[in-house]
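Colleague: One structure is given below, represented as C-alpha cells, and several questions about it will come after.
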Amino acid sequence: MYKASRFSPLTSNIRHTVITLPTPINISTWWNFGSLLGICLASQILSGLILSLHFTAHTDLSFYVVIQSFGDVYYNWWFRALHANGASFFFIGLYLHIARGLYYGSYVFKEVWSIGVVILLLVMASAFLGYVLPWGQMSFWGATVITSLFSALPVVGGDVVVWLWGGFSVDNATLTRFFGLHFVLPFIVAGLVGLHLFFLHDQGSSNPLGVSSDFNKVVFHHYYVLKDLVGACFFIGPLLGLVYFNPWLLGDPENFIEGNPLVTPHHIQPEWYFLFAYAILRAVPNKLGGVVALAAAVLVLFYMPVSPKTSVKGLSFYPWGKILFFSLIGVFFLLTWAGSKPVEEPYVVISQVLSFLYFSYFALIGPITRIQDKLL
C-alpha cells in the first residue's frame, strides 16, 4: 500500500534544497560564495527597505533627508553604513564567484551561467541607481556622465537620454524613477536567484577536479551547511568591522557635498567596483566605441558557454590556462587602479593596453587549452 509522505510539496522542495541535496564531496571553500551572496542579497533588501521608509526622492530634499536621518532616526546610521558597505562586499563576492566559475569551468552549465550573468548585470544596474539617490556631488555627476553615454547610440540616442532623464537634464524626474527602479530591481534579482538555484540543482555542481562526481556525493546538511556558516562568519566579520570602525572608508568625499549642476568635480569616477569597466570605457577615444567596449566588458561572459570545449572542465590541469587566468586577475586589478586615475597620460595608454589584454583572455583561453589537449 502506498505510504503518504509526511512532507508537503513545498516542505519537500525546501528540504531537498538545504538538507538532502546531493553535493560533490570534494568542493572547496571557493564554492562558499554562492551562499554568502544570498546572505548579502537578503541583507541589502532588508536594510534597503528600512532606509526607504525615511527617504524622500526629491532633488531639494534627498541630500538633507539622508543627513538628518543619521541623527534623528534610531540606528539609521547603522543601516545606511551596512547598506553602503554591503554593496561593496556584495561585489567582492560576485567577482570571486565569477572568477571561481571561470577557473573551474562552471560555464559549461549554460543555463546556470547565463542567468548568473543576467543577475550580475541587474545588480550592477541597481548599485548604480542606488549610488545616485543620496544626491551628493559624485552621485549627481556620475548619473549625468553615465546616462549621457546613451546619446552615442545611432538615431535614437538623444531620445533615449531624454526618456531616461524624464526631461532635458538630470533632475527630479530622474531621481524619482531611479528610486523606483532601485527599489524593484533587487526583488527581480531575488527571483532570478531562485531560477539560478533551480537549474544548479537540476544540473548539479561542478567540482575542483572537473570530472563527474555522480557516484561520490554527500548530503548538503550538515556537511556544507556548517562549512557555509563558518564562511559567513569570516565574511560578515570584516563587514561589521567596517560598519562600526570606518563606515565611509570606501565612499567618495565628494558625496558629502550636495549635488550642484554648476560645479563639476575635478575627477568624476564611479564606485570602486565599476572602475575596471570605467577604465575600459575611457580607453577608447570614440564615444560609441567606448560604450560598446564598456558593455562588452561584462557581456563577454555570455561567450564562455559557447567557447571551445576542453577534455576536462576547468583549468586545474592546464598550466598555460592557469597563467592566462591569473594574468586576467592581475589585469582586472590594474584596470581598477587605472580607472581611479585622471584622464591623462600615461593612464590613458595604460588603460588601452590593459583593455586589450582583458579581452585577449576570452579570445585565447579556448584555443590554448585545446592545444594543450592535443599535446597531452
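Backbone N, Cα and C atoms are what each Cβ position is placed from, and that goes for glycine too.
Whatever TrEMBL says is automated annotation, not expert-curated.
The heme b b562 binding site annotation in TrEMBL covers H83, H182. The heme b b566 binding site annotation in TrEMBL covers H97, H196. Marked as ubiquinone binding site by TrEMBL: H201. Residues annotated as domain 'Cytochrome b/b6 N-terminal region profile' in TrEMBL: 1-209. According to TrEMBL, the domain 'Cytochrome b/b6 C-terminal region profile' annotation covers 210-376. Sequence annotations record features per position, and here TrEMBL assigns transmembrane segment to 36-57, 77-99, 111-133, 139-166, 178-200, 220-245, 288-305, 317-335, 347-368.
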Colleague: I need the CA-to-CA distance for H182 (heme b b562 binding site) versus the residue listed as 'ubiquinone binding site', whole Å please.
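Modeller: Here the two Cα atoms are 29 Å apart.
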Colleague: If one looks at the chain holding H196 (heme b b566 binding site), which residues at least 6 apart in sequence have a CB under 8 angstroms from its CB?
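Modeller: Result: V112, I115, G116, I119.
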Colleague: Applying a 10 Å Cβ distance cut-off over all chains shown, what neighbour count does H83 (heme b b562 binding site) have?
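Modeller: Excluding its own Cβ, H83 (heme b b562 binding site) sees 19 Cβ atoms within 10 Å.
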Colleague: So what's near the transmembrane segment (317-335) in sequence-distant terms, Cβ-Cβ under 8 Å and 6+ beyond its ends?
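Modeller: Sequence-remote neighbours of the transmembrane segment (317-335) are 95, 99, 102-103, 210, 275-276, 279-280, 310, 350-351, 354-355, 357-358, 361, 364-365, 368-369, 371-372.
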Colleague: Tell me, if you would, which residue among H97, H182, H201 (binding-site residues) has the fewest other CB atoms within 10 Å in the structure shown?
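Modeller: Ranked by other Cβ atoms within 10 Å, the binding-site residues H97, H182, H201 bottom out at H201.
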Colleague: Could you give the residue numbers and ranges of same-chain residues that sit at least 6 residues beyond the transmembrane segment (111-133) on either side and whose C-beta is under 8 angstroms from one of its C-beta atoms?
Modeller: 48, 55, 57, 62, 87, 90-91, 94, 97-98, 101, 139-140, 142-143, 146, 174-175, 178-179, 181-182, 185-186, 188-189, 192-193, 195-196, 199-200, 203, 270-271, 273-274, 298-299, 301-302, 304-305
Colleague: Below 8 angstroms Cβ to Cβ, which residues of this chain, lying six or more residues outside the transmembrane segment (77-99), approach it?
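Modeller: Distant contacts of the transmembrane segment (77-99): 30, 33-34, 36-37, 40-41, 43-44, 47-48, 50-51, 66, 69-70, 116, 120, 123, 127, 130, 235, 238-239, 242-243, 247-248, 250-251, 271-273, 301, 329, 332.
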Colleague: Check for me, if you would, whether the transmembrane segment (139-166) reaches the transmembrane segment (347-368) - at least 3 Cβ pairs under 8 Å, residues 6 or more apart in sequence.
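Modeller: By the criterion, they do not touch.
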Colleague: Which one, 178-200, 220-245, 288-305, has the most C-beta pairs under 8 Å toward the transmembrane segment (347-368)?
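Modeller: Most contacts with the transmembrane segment (347-368): 288-305.
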Colleague: Hey, which bits of the same chain come close to the transmembrane segment (220-245), Cβ under 8 Å, at least six residues off its ends?
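Modeller: Same-chain contacts beyond the flanks: 17-23, 27, 29, 32-33, 35-36, 39, 78, 81-82, 85-86, 89, 93.
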Colleague: Do you know the mean pLDDT across the domain 'Cytochrome b/b6 C-terminal region profile' (210-376)?
Modeller: 90
Colleague: In Å, rounded, how far does the Cα of H83 (heme b b562 binding site) sit from the Cα of H97 (heme b b566 binding site)?
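Modeller: Per the Cα atoms, H83 (heme b b562 binding site) and H97 (heme b b566 binding site) stand 20 Å apart.
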Colleague: Cα of H201 (ubiquinone binding site) to Cα of H97 (heme b b566 binding site): how many Å, rounded?
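Modeller: For H201 (ubiquinone binding site) versus H97 (heme b b566 binding site), the Cα atoms are 17 Å apart.
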